[in-house]
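One structure below.
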Amino acid sequence: MGVQLRLNPCSSSSAATSPSTFHNGTPYFCKKFNFLPFRTQPLNWVSGIYSRIQPRKHFEVFSSNGFPLNAVSVQDVQVPLTELGSGDTTVSITVIGASGDLAKKKILPALFALFYEDCLPENFVVFGYSRTKLSDEELRNMISTTLTCRIDKRENCDAKMEHFLERCFYHSGQYNSEDDFAELDYKLKEKEGCRVSNRLFYLSIPPNIFVDVVRCASLKASSTSGWTRVIVEKPFGRDLESSSELTRSLKKYLTEEQIFRIDHYLGKELVENLSVLRFSNLVFEPLWSRNYIRNVQFIFSEDFGTEGRGGYFDHYGIIRDIMQNHLLQILALFAMETPVSLDAEDIRNEKVKVLRSMRPLQLEDVVLGQYKGHSNGAKSYPAYTDDPTVPNGSITPTFSAAALFIDNARWDGVPFLMKAGKALHTKRAEIRVQFRHVPGNLYKRNFGTDMDKATNELVLRLQPDEAIYLKINNKVPGLGMRLDRSDLNLLYKAKYRGEIPDAYERLLLDAIEGERRLFIRSDELDAAWALFTPLLKELEEKKIAPELYPYGSRGPVGAHYLAAKHNVRWGDLSGDD
């Protein structure tokens, strides 16, 4: 592949000058260029993150087909770092689809939270981009209603909010227009001045326009002096074929290192704490295998239905929406072997090994459900098919339970049960680890015939009210020998006073810093889809009808039979939580 080198136009070192200006006369090239000596031997390169936001100077590299391979792809391979102050670099964050709900409710508030905590670099700007016609002031008014300061830190809240909004701008354009992205590039350069510019694009848009946006941004609005990164929201296709095609299309314009596939569940506090709990506590790591763990449950439930999102949801269903990504990613993180280090690639390598070791899903190990209408006194709840955006007679599941198995030495024979559903009796997301019975239990007379009541259980509650608790057996005070099941409880809001950052805050900061540990690599994505695609095709070809369950119930009865088939009792239905 032939390459051409373009010198950084915003260098401060002497050697050459340039009179280049914007068409309004504003200079966008500094007067001087940087010339670095040619070396035939490799230098001592510095990779990763030198500090929270390490400024960089380097060349821009183009492939022989004319597409830019600048940014992370060069930065992370062999890019010499120079001693620049924080004032010499800037980060420009462009939210594509800024008028949508995700941008207004999650992305922009998360950016403000990072700014409030002084986690963003000194020089940054935020641009909203969408087809909606808005002015800068209209964007600021729109997002100001969704910005909040930390509950536990309200100092200078109004002033901080005002300063953040002053850095927010808007550009209206079509998603497939190179000219519109060239205009965005012009506006970005005006704000960036002569600093080394790093650019982050967040694609908060439907997946069918990902490639158009990436093409236009890569060709017309990528950085010529710093890195360029793109955050891609799920869904990443509907099956293995469409996902692979999306990846191939994106890689025409980006390298794998520039693509940050986000799964916001991996940014949740308790998911991050999972590895800490296991690998830094001797009491848990020796137990983390088939020898002591009887089953593991990954549970996601919502107490509301699709409520206006039925048109989108009906195209994907609960398996694609929750199980194939959120729950499967957590399963891989839970079950992986000890990585060589905490480096992103080492962790993701181990996750891929887990996914590739999983047994193909069987139809008899899957239960489907769909919520139906239900009346509770004076209040009535609609059925899924009552949603006007849902096609008549839809058999798209709003609930699913599945039993999965990992065919390796550590987990052979241990059922990993997933359960996800809408319009259930409670809102909950948790991991439940049920341990084996005590061999020859001396106190089995006290438990009667149901020895499941005597098993220990470790629970990591992701939402709501983050908590970790361990269920143990203990003696009730008194003269007799009466046993009771108790919880050793770590409730986060009671232990830690500070407000827990939102998952989007952590993931946005990681993307800015170039930390990929919580983002999904392309081979991870392929392995996840390879597991679920045959099942999804079989369900669609056979038109398997879901079992109906009342809105606000505990789900279809079939889920209980599935658990019983594998000698498991759902932990969230035991009634003692």
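Cβ atoms here come from the backbone N, Cα and C positions, even for glycine.
Since this is a predicted model, take the numbers as computed values, not measurements.
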Item to check | The annotated region 'Disordered' range in Swiss-Prot, which must be one of 1-20, 21-40, 441-460, 461-480 | outcome: 1-20
Item to check | Further D-glucose 6-phosphate ligand in Swiss-Prot, beside His264, Tyr265, Leu266, Gly267, Lys268, Glu302, Asp321, Lys422, Lys427, Gln463, within candidate set Lys234, Lys251, Lys252 | outcome: Lys234
Checklist entry - Could you tell me the C-alpha distance between Tyr469 (NADP(+) 2 binding site) and Gln463 (D-glucose 6-phosphate binding site) in angstrom, no decimals? => result 14
Checklist entry - Any idea what DSSP makes of Lys471 (NADP(+) 2 binding site), helix, strand or coil? => result strand
Next on the checklist: Based on the record's binding annotation for D-glucose 6-phosphate (Lys234, His264, Tyr265, Leu266, Gly267, Lys268, Glu302, Asp321, Lys422, Lys427, Gln463), what whole-number value in Å is the widest Cα to Cα distance?
Outcome noted: 22
Checklist outcome for this item: Candidates Ala103, Gly267, His326, Lys422 (recorded positions); nearest Cα to Arg554 (NADP(+) 2 binding site) turns out to be Lys422
Next on the checklist: Spatially, which candidate from the recorded positions Ala103, Tyr265, Glu302, His326, Lys422 is nearest to Arg428 (NADP(+) 2 binding site), comparing Cα atoms?
Outcome noted: Glu302
Next on the checklist: Let me make sure I understand the structure: which of the binding-site residues listed (Asp101, Glu302) has the fewest other Cβ atoms within 10 A of its Cβ?
Outcome noted: Asp101
